[in-house]
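Annotated features, as they stand in TrEMBL:
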- 116-137: transmembrane segment (TRANSMEM)
- 149-173: transmembrane segment (TRANSMEM)
- 247-270: transmembrane segment (TRANSMEM)
- 299-317: transmembrane segment (TRANSMEM)
- 337-357: transmembrane segment (TRANSMEM)
- 364-382: transmembrane segment (TRANSMEM)
- 388-410: transmembrane segment (TRANSMEM)
- 431-454: transmembrane segment (TRANSMEM)
- 474-495: transmembrane segment (TRANSMEM)
- 509-519: compositional bias 'Basic and acidic residues' (COMPBIAS)
- 509-534: region 'Disordered' (REGION)
Amino acid sequence: MAGGGGAERAGVAVAAAGLLPPARRQPRRRVSSFPRPPPGRLSVCSKLCYAVGGAPYQTTGCALGFFLQIYLLDVAQLDPFYASIILFVGRAWDAITDPLVGFFISKTPWTRFGRLMPWIIFSTPFAVISYFLIWFVPDISRGQVMWYLVFYCLFQTLVTCFHVPYSALTMFISREQSERDSATAYRMTVEVLGTVLGTAIQGQIVGKVVTPCIQSPLFVSESNASASMGDVNMTHYTGSLTDMRNAYMVAAGVIGALYILCAVILSVGVREKRESSELQSDEPVSFFRGLKLVMNHGAYIKLITGFLFTSLAFMLLEGNFALFCTYTLGFRNEFQNILLVIMLSATLTIPFWQWFLTRFGKKTAVYVGISSAIPFLIVVVVLDSNLIVTYIVAVAAGISVAATFLLPWSMLPDVIDDFKLQHPDSRGHEAIFFSFYVFFTKFTSGVSLGISTLSLDFAGYQTRGCSQPNEVNFTLKMLVSAVPVGLILLGLLLFKLYPIDEEKRRENKKALQDLREESNSSSESDNTELASIV
C-alpha cells in the first residue's frame with residue numbers, strides 16, 4: 001500500500017513537471033481552455049442558496065420570541081412563575097451552548113462535505129422534531145414544566161448546532177472581502193424576510209383564535225348576573241382551547257417544513273471551501289488557549305462591546321413595542337400591521353445599506369444607520385397618539401433595524417482577517433469568533449427581557465388586561481424611547497474606539513493576499529523540487 005501511494009505521488013509529480021507525452025497532455029489543455037470564473041467569486045445562485053440558510057433561525061426565533069410566553073400562559077396554562085423559569089432557563093442555556101458548539105466545531109475534522117456542513121445537515125431533523133414538541137400540550141397532570149423546559153432547551157441546542165456553523169460559513173464560501181460582504185447582504189435580506197414570514201405564519205394561523213382581554217376586577221360587578229356572565233365566558237374559553245392548541249401545532253408544522261426546505265437548499269447549493277492556509281495546519285486547539293486569543297483581540301472586543309449596547313437598545317424596543325402600541329398608543333388592532341411595516345422597511349433598505357457601506361465605509365454606515373432611529377423614537381413618545389406618525393416611526397425603525405442586522409455580520413469577517421494577520425500560526429478560530437458574538441447577542445436579549453419584566457411588574461402590569469395603569473404606560477415609554485436612545489448613544493461612542501476603518505481593511509486585504517501568494521509559491525516550489533527528484 002505504501003508503494004502504491006508513492007507511485008501515485010510520483011505520477012502527480014511527473015505530470016506537474018511536464019514529463020508526460022504530448023498526446024496525453026492534450027486533453028488537459030482542451031479542458032483548461034474553457035472560461036472559468038475568477039477564483040473567490042460567487043454566483044448569484046450560490047449567494048441566494050447561502051442566504052436561504054439564514055431563514056430557519058430567524059423564523060423560529062421570531063415565533064418563539066413573540067408567542068411562546070402567551071402560549072405557556074394561555075394555552076398550556078402554566079403558572080406564570082414556572083413559565084418564567086422556562087423562558088429564562090431556556091435563554092440562559094441557549095447562550096451557553098453557542099461558545100461550546102463553536103469550540104467543538106473548531107475541533108471537528110474536515111470531511112468531504114466540509115467541516116461546518118455536517119453539523120447543519122445532521123442537526124436539522126432533530127431540531128424540527130423538538131420545535132414541534134414545544135408547541136404540543138401533553139396530556140399529563142404532572143411534568144408539563146419539565147416537558148417544555150427539556151424540549152425548549154433541546155431545540156435551542158440543536159438550532160445552535162445549525163446557526164453557529166452557518167454563521168462561520170461566511171469565511172469559507174470565498175476569500176474575497178467584497179464577495180463575503182455581498183453574500184452577507186443577501187443573507188441579511190433573507191433573514192429579515194424570515195422574521196416577516198415567522199410573524200405572518202404564526203400570527204395569521206394563531207391570531208384567529210386568540211382570546212380577548214380581561215376587564216380589570218375594579219370594573220366587574222359582584223352580582224350574580226356578572227357571575228353568570230363569567231361562567232359563560234369561561235365556557236366559551238374552554239371550548240376554544242382545543243382550537244388554539246391545534247392552531248399552534250399547525251403553525252409549528254408549517255414553520256418546521258420551511259426549516260427543512262431551507263436546510264436542503266443550503267446544503268445542495270453551497271460549497272464549503274477549505275482555505276489553503278488551513279491545509280498546512282489542522283491541529284486541534286486548546287479551548288482556553290483559543291478563548292484567550294480571541295478575547296484578547298482588541299478589535300473584536302471593541303466591536304462586540306459597541307454592538308452589545310446598540311443591540312440591547314433595539315431588543316428593548318422590539319420586546320416592548322407590542323405592549324406600547326396596545327396600551328400606551330391604543331392601537332390594539334394595528335400592531336401586526338405596524339410590525340409588518342417595520343420588517344418590510346428593513347428588508348427593502350438592506351440593499352441600500354450594502355451600497356452605502358461599500359461607498360462610504362462600514363464605520364460611517366454604523367453612525368448614520370443606527371443613529372437614524374433616535375429622532376423618531378423621541379417623536380413617538382413626545383407627540384400625542386397618532387396612527388400616521390406611528391407608521392412613519394415604524395418605517396424609520398425598520399431602516400435602523402436593517403443597519404443593525406447587516407453591519408455586525410459584515411464587520412466580523414474583517415476582524416477575523418485582522419486576527420489572522422496578528423496570529424498567522426493559529427488556525428480554526430472562525431467558529432469561536434461567530435459563536436461568542438451570538439452569545440453576547442443572546443445575552444443582551446436575556447438582559448432586555450429581565451429589565452422589561454422587572455420594570456413592568458414593579459409598575460403594576462396586569463396580565464391580559466384590557467388597559468394598564470398610568471405607571472405602566474410611563475414605563476413603556478421609557479423602555480421604547482429614553483433607554484434605547486441612551487444605549488444607542490453609548491454604543492456609537494464605543495465605536496469610536498473600533499480600529500478597523502476602510503484604510504485598515506485595504507491594508508489587511510493586501511497583506512493577506514501577499515501571505516497567500518507566498519504560501520502558494522512555496523507550495524509550487526516544493527512540487528517542482530519533488531518533480532526534479534523524480
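Keep in mind that glycine also has a Cβ here, set from the backbone N, Cα and C atoms.
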If we call contact 3 or more Cβ pairs under 8 Å (sequence gap 6 or more), are the transmembrane segment (388-410) and the transmembrane segment (116-137) touching? no
Please list, for the compositional bias 'Basic and acidic residues' (509-519), how many residues fall into helix, strand and coil according to DSSP. 11 helix, 0 strand, 0 coil
Which of 116-137, 247-270, 299-317, 364-382 shares the most C-beta pairs under 8 angstroms with the transmembrane segment (474-495)? 299-317
